[in-house]
Amino acid sequence: AETTAPSVYPLAPGTALKSNSMVTLGCLVKGYFPEPVTVTWNSGALSSGVHTFPAVLQSGLYTLTSSVTVPSSTWSSQAVTCNVAHPASSTKVDKKIVPRECNPCGCTGSEVSSVFIFPPKTKDVLTITLTPKVTCVVVDISQNDPEVRFSWFIDDVEVHTAQTHAPEKQSNSTLRSVSELPIVHRDWLNGKTFKCKVNSGAFPAPIEKSISKPEGTPRGPQVYTMAPPKEEMTQSQVSITCMVKGFYPPDIYTEWKMNGQPQENYKNTPPTMDTDGSYFLYSKLNVKKETWQQGNTFTCSVLHEGLHNHHTEKSLSHSPGK
């Protein structure tokens, strides 16, 4: 896929606001490739009440939403701007969120709800003992009309196995409702389409959101482990690195073990598109120098659908004299 700059749309409630109420404003960042984009509010000056949802990949392009909750008095007295940066396309967009003019027909007095659908976690999809779930989230539900009904479809056939949680009250006095659909691993890997349909008395019409696995032939990664650089051995903490390259789609899970025990002190870079259209990432495990020098075995473990049995791992340990 080619590098594509995002389109940025402001999201504002279409209702008259009470002076003492909280208001949630949003920014829709649509149709970009590759990851990542960064979203800040008022160039970082607004940081509390910010929620940026994970990006969703559909038809080869990513879409992401970020929201910020502020007192309505703040919104009416000062500008609220979302700042979007997409390094891959050298794009920077500042979008001011302005109150929508209320026409007499359009103002019902109810909040404007938004619906988001999220893919299952990669680890859940590729581990037979875990249960992958597609998740549908509705935000900004008015307490005046809190009933929300979820319907789920797999390839347009309705299913009734979803687990819908009780609505949760948010800091801006609206409600948030979540429905999770447990799915069969193979259905996701085979590219079936999962659709969430949300209905409410407050909606003029049902809202539908769909998601499926990115199209294209899976390619398994090559995995390489690298010992701490010699120059780093003067420090008390050293880095063990795992390079994972040549994989598609970008959905992958990488973790570390020491002597077979899971470790937590590691960080992964996001999957990044390489020049050939495949993806690569680096994973860095931090350990004490003595832990490395004692000859413990460190293993980089990778889950990806293009691998045999969806799994591979590479180990290394310190050898005296190296």
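Every residue gets a Cβ built from N, Cα and C, even glycine.
As given in Swiss-Prot:
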- Cys27-Cys82: disulfide bond (DISULFID)
- Cys136-Cys196: disulfide bond (DISULFID)
- Cys242-Cys300: disulfide bond (DISULFID)
- 6-98: domain 'Ig-like 1' (DOMAIN)
- 115-212: domain 'Ig-like 2' (DOMAIN)
- 221-317: domain 'Ig-like 3' (DOMAIN)
- Asn172: N-linked glycosylation site (CARBOHYD)
* Structure fact -> For Cys136 (disulfide bond), the number of neighbouring Cβ atoms whose distance to its own Cβ is within 10 Å equals 27
* **Local Cβ density at Cys27 (disulfide bond) - other Cβ atoms counted within 10 Å** => 25
* Asked: Counting all other Cβ atoms within 10 Å across every protein chain shown, which of the disulfide-bonded residues Cys82, Cys196 scores highest?
  -> Cys82
* What's the CA to CA span in angstrom from Cys27 (disulfide bond) over to Cys300 (disulfide bond)? -> 37
* Asked: DSSP says what for the domain 'Ig-like 2' (115-212): how many helix, strand, coil residues?
  -> 10 helix, 45 strand, 43 coil
* To do: Would you mind reading off the Cα separation of Cys242 (disulfide bond) from Cys136 (disulfide bond), to the nearest angstrom?
  => 34
* Structure fact -> Using DSSP three-state counts, the residues of the domain 'Ig-like 3' (221-317) come to 13 helix, 54 strand, 30 coil
* To do: Spatially speaking, which of the disulfide-bonded residues Cys82, Cys136, Cys196 is closest to Cys300 (disulfide bond)? Use C-alpha to C-alpha, please.
  => Cys136
* Asked: When a 10 Å sphere is centred on the Cβ of Cys300 (disulfide bond), how many other Cβ atoms does it contain?
  -> 25
* May I ask for the distance between Cys82 (disulfide bond) and Cys196 (disulfide bond), taken between their Cα atoms and rounded to an integer number of Å? => 28
* Per DSSP, what is the residue tally for the domain 'Ig-like 1' (6-98) in helix, strand and coil? -> 12 helix, 51 strand, 30 coil
* Surrounding CB atoms that lie within 10 Å of the CB of Cys242 (disulfide bond), all protein chains -> 26
